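Undergrad: I have a structure I would like to understand better, so I am pasting it below and will then ask my questions one at a time.
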């Protein structure tokens, strides 16, 4: 994982100067979506790269130990072994980057991964996910309990009100307290970009989150009406790049919500490569939050290896 970013103070002058050129961002987003994807062996390699960057996620009200256990098994064996063998990748230790669950299910995930002899990180959402509208004291306690139970990554949600009303110091203070509550666990800050009102607000919130010590900034909870989109991602990635140029700190990026197809995952990898470079194309600095994406990637790899599309029963459920 990237070293914890430790920005020492809030730079309000930088935030106040921010202006996003929306037309230019939209043009750039159209370019990405219009690009042809890679083919054949190259495609298989990129799809396996995407697998290693997935935070395999279940965030349902009916989560149980058994479906968390199944999720953890799928995280350890994301692609059928015979398919990996055909690609000569069976001995490369390909797993997903993490499993992501609600705080009450962290113990289940830790137990299941331990039983599987696997050291994949457990990520927990926290801080009143997805709305972030609970008392700060409760939100901080939720982080501490998840860490106590064995979560090594915490995906927090910000109080959107602070962004919409321009309370940047208050937002900085809130995220700084989240950072402290995480201890050694990595802090992934969800901006819920679909609810922040403008691209300029998204850029400013990204900067504040990084200044306050976030290891990752993340687009969405997956529960908003608008989740991960390319215009939003471009703004967040430019903020990450600017922050790196100014401070030397590398902060990771995680799009989440609505990324369901192998083709979409390739477009996201391409965007990261072009905006931030190959250094960011690792699980340390890039994650995809997804629940159904892995199934489509495995389906595409099955097609690449066998020349036919899988029937429903050919691939194990995630």
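Please read every residue number as a count from 1 along the shown chain.
Glycine residues also receive a Cβ, built from the backbone N, Cα and C atoms like all the rest.
Heads up, TrEMBL stuff is auto-annotated, nobody curated it.
Here's the feature list from TrEMBL:
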type	residues	note
ACT_SITE	218	active site, schiff-base intermediate with acetaldehyde
ACT_SITE	254	active site, proton donor/acceptor
Undergrad: What whole-number Å value do you get for the CA-CA distance of the residue listed as 'active site, schiff-base intermediate with acetaldehyde' and residue 254 (active site, proton donor/acceptor)?
TA: 4
Undergrad: Neighbour count first, Cβ atoms within 10 Å, every protein chain included; then name which of 218, 254 tops the list of active-site residues.
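TA: Max Cβ neighbours within 10 Å, all protein chains included: 218.
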